[in-house]
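Taken straight from Swiss-Prot:
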| type | residues | note |
| --- | --- | --- |
| TOPO_DOM | 1-74 | topological domain 'Cytoplasmic' |
| TRANSMEM | 75-96 | transmembrane segment |
| TOPO_DOM | 97-100 | topological domain 'Extracellular' |
| TRANSMEM | 101-123 | transmembrane segment |
| TOPO_DOM | 124-305 | topological domain 'Cytoplasmic' |
| TRANSMEM | 306-327 | transmembrane segment |
| TOPO_DOM | 328-359 | topological domain 'Extracellular' |
| TRANSMEM | 360-377 | transmembrane segment |
| TOPO_DOM | 378-934 | topological domain 'Cytoplasmic' |
| ACT_SITE | Asp425 | active site, 4-aspartylphosphate intermediate |
| CROSSLNK | Lys616 | ubiquitin cross-link |
| BINDING | Asp879, Asp883 | Mg(2+) binding site |
| TRANSMEM | 935-954 | transmembrane segment |
| TOPO_DOM | 955-968 | topological domain 'Extracellular' |
| TRANSMEM | 969-988 | transmembrane segment |
| TOPO_DOM | 989-1018 | topological domain 'Cytoplasmic' |
| TRANSMEM | 1019-1041 | transmembrane segment |
| TOPO_DOM | 1042-1054 | topological domain 'Extracellular' |
| TRANSMEM | 1055-1077 | transmembrane segment |
| TOPO_DOM | 1078-1083 | topological domain 'Cytoplasmic' |
| TRANSMEM | 1084-1104 | transmembrane segment |
| TOPO_DOM | 1105-1117 | topological domain 'Extracellular' |
| TRANSMEM | 1118-1146 | transmembrane segment |
| TOPO_DOM | 1147-1228 | topological domain 'Cytoplasmic' |
Amino acid sequence: MARGRIRSKLRLSLLYTFGCLRPATLEGQDSQPIQGPGFSRTVFCNQPHMHKKKPLRYRSNYVSTTRYNLITFFPKSLYEQFHRAANLYFLVAAILSVFPLSPFNKWSMIAPLVFVVGLSMLKEALEDWRRFMQDVKINARKTCVHKSDGVFRQRKWKKVSVGDIVKVEKDEFFPADLLLLSSSYEDGICYVETMNLDGETNLKVKRSLEVSLPLDDDESFKNFMATIRCEDPNPNLYTFVGNLEFERQTFPLDPSQILLRDSKLRNTTYVYGVVVFTGFDTKVMQNSTKSPSKRSRIERTMDYIIYTLLVLLILISCISSSGFAWETEFHMPKMWYLRPGEPIDFTNPINPIYAGVVHLITALLLYGYLIPISLYVSIEVVKVWQASFINQDLHMYDDESGVPANARTSNLNEELGQVHTILSDKTGTLTCNQMDFLKCSIAGTSYGVRSSEVEVAAAKQMAVDLEEHGEISSTPQSQTKVYGTWDSSRTQEIEVEGDNNYNTPRAPIKGFGFEDNRLMNGNWLRESQPNDILQFFRILAICHTAIPELNEETGKYTYEAESPDEASFLAAAREFGFEFFKRTQSSVFIRERFSGSGQIIEREYKVLNLLEFTSKRKRMTVIVRDEEGQILLLCKGADSIIFERLAKNGKTYLGPTTRHLTEYGEAGLRTLALAYRKLDEDEYAAWNSEFLKAKTSIGSDRDELLETGADMIEKELILIGATAVEDKLQKGVPQCIDKLAQAGLKLWVLTGDKMETAINIGFACSLLRQGMRQICITSMNSEGGSQDSKRVVKENILNQLTKAVQMVKLEKDPHAAFALIIDGKTLTYALEDDMKYQFLALAVDCASVICCRVSPKQKALVVRLVKEGTGKTTLAIGDGANDVGMIQEADIGVGISGVEGMQAVMASDFSIAQFRFLERLLVVHGHWCYKRIAQMICYFFYKNIAFGLTLFYFEAFTGFSGQSVYNDYYLLLFNVVLTSLPVIALGVFEQDVSSEICLQFPALYQQGTKNLFFDWSRILGWMCNGVYASLVIFFLNIGIIYSQAFRDNGQTADMDAVGTTMFTCIIWAANVQIALTMSHFTWIQHVLIWGSIGMWYLFVAIYSMMPPSYSGNIYRILDEILAPAPIYWMATLLVTVAAVLPYVAHIAFQRFLNPLDHHIIQEIKYYGRDIEDARLWTRERTKAREKTKIGFTARVDAKIRHLRSKLNKKQSNLSHFSAQDAMSPRSL
């Protein structure tokens, strides 16, 4: 790493800084007043005692990321648990169960609730305990703090206060947000790693103010005192506004002097800093907001099912209470032995209405088993297992980066199987974000003969098309190379050369893919405009914020740059002979080599001002003074921004440069324009004075003042040229897009790149293809910002949308494909309320949608429009900080762990290392998780309806007595133990088809998108199946057992024998039903299903052997009453078969007469080549993929249609000529 010299002797006269980062002191200037709210923080440096009383008492440095503490855990956690309707119902039921009205023992209601809620609370507690232990570890870290008289002592982080002077040493984390005062380097710079903040691994350089450089050792802080007035705490990591008041002077502060908590000091021995923000006031803690809470569609539907069952529960409870009131009034007087006349009795026939109301409470408790109490906790367990399978899938592990897939939340697993629209970023997502400098335009001449991947792919396609038409001759591939660019809207000549003088093969260089001998090895000196080329190279080498690092093995410098583009520019400058090798606070140093002779000249450029690149400015400017004393302004930025700032005499190369930029964009390259101007001393001094005033202001208008100041100097530029770097497609992107298209998914691309670049990347990854009609919606240029001009532009866009919608709707060719392309400026109008639904209507009818030049906010707005306008599940995928908004807005957010940092990953629900892994995440895991959760929930409701309604039938059968036919311990174990494990196995291990089949038949994914397994017809079907099973279980058992000689001594079965027999049938029916539901068995499923049945027999055997004081009427019920009775075993077999018979009949009917796709595939897989019905093979081959108009497969289909058309036309012509020959006299 390039470093400044370690301190030996300070030479302040040689120390300067970037003007925008370290302006000169303003003599005699008073501190600026605090301007309004948001800028009220005052920090007394080295005087922490000043901050112990209000209003200057700020937060401590103790941080806690836990959700609970010892006092709040139980109330807050219980509140979270009883937000769920089912848990709230069971809480009320458990409370009522302690009263005499309850038909159950109170523990049969309380124990399951305590178990389920306790399990969930235990999970919350464990997660919070992990967070607490992490907090303890962080708060106990130690750092050196100035106590007094120049003495520093170790102190825990949590005891660091605002105003403390802190000394941080190499590889230590910063304990709070600090203002950098000095460092071990004489020029006051330090290197900081911010991976914990933004995930970026490249080091950032920080620079102290010049005035604080003498504070270079412990003793220097003995009498140090200063005041900081700055902004209030806020979450913006990249801004800071404030002033330092020191020695009666005011110095402006900005982000380059701020060291943020949780970033690490690297490659610097030590730094001194003063604490500005502590604890939750630090920027990292201000950013620790939670991602928006997301719930899957299945979970939301599940709530409605719960409400439906609650309505059913209330309905049958009302029926039961009405029946009881009837019985009380008309039949109870005859039952004298019940002593119904007592006033306190609930069965008093004098007041049947009161008796019915009281019985309603009993009925609500009795039928509560219709609501599955263990549903929520079972789903949580299953989703955690599913997420672990996603995390451990080796097919989604990236060998190059060593990064696996990561399910950051388990709440949305099943939502992965219902995605309708994917909205993707381009750079770093579809492309690698590893830039190669490929071409450039200098002084109106284009350099660089190497073709981009997009050009090669396009030229190959065009060569094939032209060869078919006989327009070019075949040339051996080994002797051809394609030059020039390709335009999708017009046909160009393809130049084929076997040899050329522009290129000499060389070893690959990272970031530099340029090939053109005209600029290499000093050959540029022989070009027609060598001075302009020299200026171009110097802009590349000087206009940046990178840090050089010497590679000792190669002897070359590599660069820690803020973006891959910047690193590629520096690599290009180095290869052209202009090597950036050193940076200090005041200067950059360049080694210039003008020819192949090896002569090297080292030059120093004093950096006077640096106006950094932002997404709003879209440009970067450096003002330097060269060794001759000339002040130069060097600027690079988006072509649209640079061109509008050109001087009249600076447009000499505007025409050819514009043409080259268009060609580069069509080749899929990222472009920037380069310009410069010379400044005289007076002009610079006047501007710098005004700019410093803007820098020292504190207030909400500071950014506006700075922008105005930058505009004052960034004008009258002279255009020198443009750069073109290639951002290659990631591995497997075209194949992944093709597979997703075959699965029926729609893909939108949202990018900040220009339209030409986005279009050609679209062609490269098969989102666009030849023959696809491109609908480009653009806004016409309008001067001024008046309401009238905006109205005209809006009407023009609306007119374009209307015409496009009509064109698409009137298209009769079923194979016609449309692509919608719109830029950010136009999108601003298209997203307004009165136009957005017309835009959406057009977009959903197009095969692909590409939005260019869009801002991060527009990305999020587009996602919101698609999500709310279509009502379908949306997935947003990106890799950068500018993608966070759309990732959080989408139903599912997927982050890619790329070189742009980890902000997208930290905001996402799932993260993957490469876009290509999205195919497996959705088509395999999404499909599996959707079907597992859907079947699991349906089965839960089936078994609880089947069980709960038997209580209602028995209630009616016994005169609405409010009596349960089952022992309380049976009820206790039913949901929690005896039927819970098999359903968890279903949710975790079920596979209707294997992963290979999912990828081979991607159209299976549409089962989730169409919600085939969790629509209301499927849900009601399972409910009806549960109702049928309950009828069979109750009435068949009653019919078999009631009034029959059950025991060998002629005794009939009592209530407990009937209840135990019915419960046995329920356990068998429920577990056999889930066995029939499963398509994929492992030994785990067998153990859990048949083990649950065995567990029932084991329980009842042990329980019935206990003394009567514990077992009550169940004493010896299995070995003495049920087991010896053949009718018990016959009833179990008969009832179980009858209960599952309709499901077996339904499946048989469906598989034979109306099979679903996975049924056919299962038979194909099972029978292999012995399958007799060849129609099934043909059917599944044609249905293996959804009909799509994008992707490589769509290209192939279009080509096949084209060939068939030509063949049919040829055959038609031959038939015509044959008929003419037959009719000719010669043939006669």
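Backbone N, Cα and C define each Cβ position, glycine as well.
Recorded features from Swiss-Prot, shown on the structure.
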residue : record                                        : Cβ within 10 Å
Asp425  : active site, 4-aspartylphosphate intermediate : 29
Lys616  : ubiquitin cross-link                          : 9
Asp879  : Mg(2+) binding site                           : 32
Asp883  : Mg(2+) binding site                           : 31
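Regional average pLDDT for the topological domain 'Cytoplasmic' (378-934) in the model is 82. Scored by C-beta pairs under 8 angstroms, the transmembrane segment (969-988) has its highest count with 1084-1104, from the stretches 75-96, 360-377, 935-954, 1019-1041, 1084-1104. Contact between the transmembrane segment (306-327) and the transmembrane segment (360-377) holds: at least three of their C-beta pairs are under 8 Å, each pair 6 or more apart in sequence. Within 10 Å of the residue listed as 'active site, 4-aspartylphosphate intermediate', counting CA to CA, the recorded positions Lys616, Asp879, Asp883 contribute Asp879, Asp883. Sequence-distant contacts of the topological domain 'Cytoplasmic' (989-1018), counting only residues of its own chain at least 6 positions beyond either end whose CB sits under 8 Å from a CB of the stretch, comprise 297-298, 301, 395, 417-420, 739-740, 742-745, 872-873, 919-920, 922-924, 926-928, 930-932, 934-935, 937-938, 1078-1080, 1082, 1084-1085, 1156-1158, 1161-1162, 1165, 1180, 1183-1186. Taking H, G and I as helix, E and B as strand and the rest as coil, DSSP gives the topological domain 'Extracellular' (97-100) the counts 0 helix, 0 strand, 4 coil. Residues 986, 989-993, 1158, 1162 of the same chain lie 6 or more positions beyond the ends of the topological domain 'Cytoplasmic' (1078-1083) yet place their CB under 8 Å from a CB of it.
Recorded stretches compared: 75-96, 360-377, 1019-1041; the one with the most Cβ pairs under 8 Å to the transmembrane segment (1055-1077) is 1019-1041. Within the chain carrying the topological domain 'Extracellular' (97-100), a Cβ under 8 angstroms from the stretch's Cβ atoms is held by residues 106, 108-110, 365, all 6 or more beyond its ends. Secondary structure of the topological domain 'Cytoplasmic' (1078-1083) per DSSP (helix as H, G, I; strand as E, B; remaining residues coil): 1 helix, 0 strand, 5 coil. Cα of Asp883 (Mg(2+) binding site) to Cα of Lys616 (ubiquitin cross-link): a span of 16 Å.
Same-chain residues lying 6+ beyond the ends of the topological domain 'Extracellular' (955-968) with a Cβ under 8 Å from its Cβ atoms: 103-105, 107-108, 320-321, 323-324, 327, 331, 359, 362-363, 366, 1038, 1055-1056, 1058-1060, 1062-1063, 1112-1114.
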